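*Asks:* Pulled the feature table from TrEMBL, pasting it below:
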DOMAIN    A:97-306  domain 'ABC transmembrane type-1'
TRANSMEM  A:12-32  transmembrane segment
TRANSMEM  A:101-120  transmembrane segment
TRANSMEM  A:132-156  transmembrane segment
TRANSMEM  A:176-197  transmembrane segment
TRANSMEM  A:237-263  transmembrane segment
TRANSMEM  A:283-306  transmembrane segment
Amino acid sequence: MGMRRYIAKRVAHALVVIYIVATIVFFAVRAIPGDPARVLLGGDASAEAIAALREEMGLTEPLYVQYIRWMGRILQGDLGTSVFSDQSVLQMLIGVAEPTLSIAGLGMLIALLIAIPAGITSAVKQYQWEDYVATTVSFIGISMPGFWIGIVLLIIFADRLGWVPAFGYVSFRQGIIPWLKHIILPALAVGLPYGGILMRMTRSSMMEVLNEDYMRTARAKGLDGRLIVFKHGLQNALIPIVTVAGILLGVLLGGVVAVEIVFGIQGLGRLLIASIQRRDFPAIQGAVILISFVFVFMNLLVDVLYTSINPQIKYGGSE
Amino acid sequence: MSSQPRPTQRAGPSVSTTVTEEPPLLAVDNLHTTFTTERGDVPAVDGVSFAINEGEVFGIVGESGSGKSVTALSLLGLADGATVTADRLCFRDEDLLAKDEAALREIRGNDISMIFQDPMSSLNPVMTVGEQIAEVVRHHGDVGESQSLFAELRRKYVTGTSESSASWQRAVELLDTVGIPDPADRANEYPHQLSGGMKQRVMIAQALAGDPDLIIADEPTTALDVTIEAQILNELLDLRDEFGVSIMLITHDLAVVRETCDRVAVMYAGEMMETADTRTLFEDPRHPYTRGLIDSIPRTDDDREWLDAIEGNVPDPTAKPQGCPFRTRCDAAFSLCEEPLVAYSAEEPGHRTWCHLYNDAVANDGDEVQRVDDAEAKQLIQEHEASDDLVTPQRPNFGGEYR
Ligand code: SF4
């Protein structure tokens, strides 16, 4: 199967997954106790007023009718309107997705840029000082939750040193430098735990590869050490890491939610939590769909990458 | 050819004989390779001596754990974590022990190349076989293509190896030489797309790519089935005839030795037992171990493992018995066998046996040993040893090659 067909098939597959997630969320939000009309009108609203609002929101209709209507709208690209702010959910999501994706993206970049070289160095210089430094740092990264790293960074770099602002978010449209200054600490906070795990994985994967017979062959050919590591070893070592990096993406996205709260950033995570508290059904559904969308497509990307670095796997085949 | 007469004697301080033979391609004298482990020092190779001449197929035969593979790796500084010493370890009169890592890299692949046992795991799974051969051609250095780290990584990860480059062309030629059909197409394939026999042919092509003088083939056919085995061995012999390359063939299989080798060394527990030309070894084996091995070569209608014929096990290398390592299994063992082994020469030139039965003070008519005079025999052993007592240079430890 060619790469095009493989990707087309995987996209179709991804859409099915998103559809299933959306359906589950639709019913799940309606299963949790509490209803949006009551939350919106406050505790002392009259029963008639609540009933009228429920009617207006379409919540009195049978569940399946609500579901079909909602599906119909989604297929037209309409995620509905927030019951809380009367804003279109799509508009709200676009507003909050940017800070969240900025933090997650930069966090991932930092993690990869630190973890892979550190892991390789660690494996090659096993039991020397480079290895001890790298494994200790990664251990610290793994053992501290992201929001805690965030608080520590906040105290040091924003509060004490004043190098970067402590709170809020500035869009990159207002300048790359201010944007970076606002997201660097949150990105480090989500990136370090992720990078710590990746570094450990890279180290063990590379160590395994260094013991492979084909590495001995490469040495017997008279190639020099760095060439052997980077030409003969690296790609083999990355094969298992790419898979793990994809799975760990979920961990990273989860970390962003807590970190947004620490840094007072209006992101997807905060929107989701606030919407759940308000029983803002359309907003919850929209946010979850967006998250599953990002997750599913990042994993698709990882799979394509995996297939392209491992010649033993054919597109779509599982040899 | 120049009309000048060849110098009859090579310059050198140690040439004292009047014999004007070519010096051997590889001379190994009293090689020791010792691994330091938590359980103590493991002498994997314990005083091995042999020489390989130009254009010769030299067999090293022994059970697994006899130190034959470690011997090969020691030659090229590839025995990780081991201390290698020898009285002499010379390739074309160059002292391999005196070379640093960079100088050894020039030897590896270029002058001495290796073929390993398992072609499935010895080829890199993420590189095309063409590139795996082409990189050796570039390393050999006569195609004028850059082999800097940057150039090699660009080839690997960005551009691929150009099919019109001289190194790739040469790789295709080599695939053709070792009998791979459609070599131009095959060069673009990955190892998993080839059969076991094809993969071993790729390994051979790769070993040839640097135009070496010596190919070390470590159990090259053990992982292959019998019909493929014969093809691969024939291929190696053909290449010897075509390119004049010497081959050091490491095997556990005496039948393979009989088919392919000019001369052979028998190893046991890291030590030499016997060395002779192949014909002499099979017709007139002197060492009890060699005799046991030859007796136990299975006939074609016999499925038994050939080693079953000799009772007992190889000694634990950390606790080797003093003296002859074979004495725990040897039927002929007698009092002198606790003394360290020395080489006893037979009449046939080049036939040497490390067994005290051949001490001059021992009356030995082949089957019956009569201890004539132990004291005299011990004296002879000591004299023998003293004559071999040269300075032993220490080889730097190259453990951890990737730094
Ligand atoms: S030295 Fe002794 S024990 Fe060793 S092979 Fe000869 S006779 Fe047997």
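Just so you know, glycine gets a Cβ as well, placed from its N, Cα and C.
If you look at the structure here, what lies around each of the features I listed?
*Replies:* Only residues 6 or more beyond the boundaries of the transmembrane segment (A:12-32), in the same chain, are considered here, and those with a CB under 8 A from a CB of the stretch are 63, 67, 70, 74, 279, 281, 284-285, 288-289, 292-293, 296-297, 300.
Counting only same-chain residues 6+ beyond the ends of the transmembrane segment (A:132-156), those with a CB under 8 A from a CB of the stretch are 115, 118-119, 121-122, 166, 185-186, 188-190, 192-193, 195-197, 199-200, 203, 255, 258-259, 261-263.
For the transmembrane segment (A:176-197), same-chain residues at least 6 beyond its ends with a Cβ under 8 Å from one of its own Cβ atoms are 99, 102-104, 106-112, 114-115, 137-142, 144-147, 149-150, 153-154, 157-158, 164-165, 168-170, 244, 248, 251-252, 255-256, 259-260, 262-263, 265.
Here the transmembrane segment (A:237-263) has long-range neighbours at 99-100, 103-104, 107-108, 111-112, 116, 120, 123, 145-147, 150-151, 154, 166-168, 185-186, 189-191, 193-194, 197-198, 201-202, 205-206, 208-209, 269-270, 272-273, 291, 294-295, 298-299, 302-303, 305-306, 309-310, meaning same-chain residues at least 6 beyond its ends whose C-beta is under 8 angstroms from one of its own.
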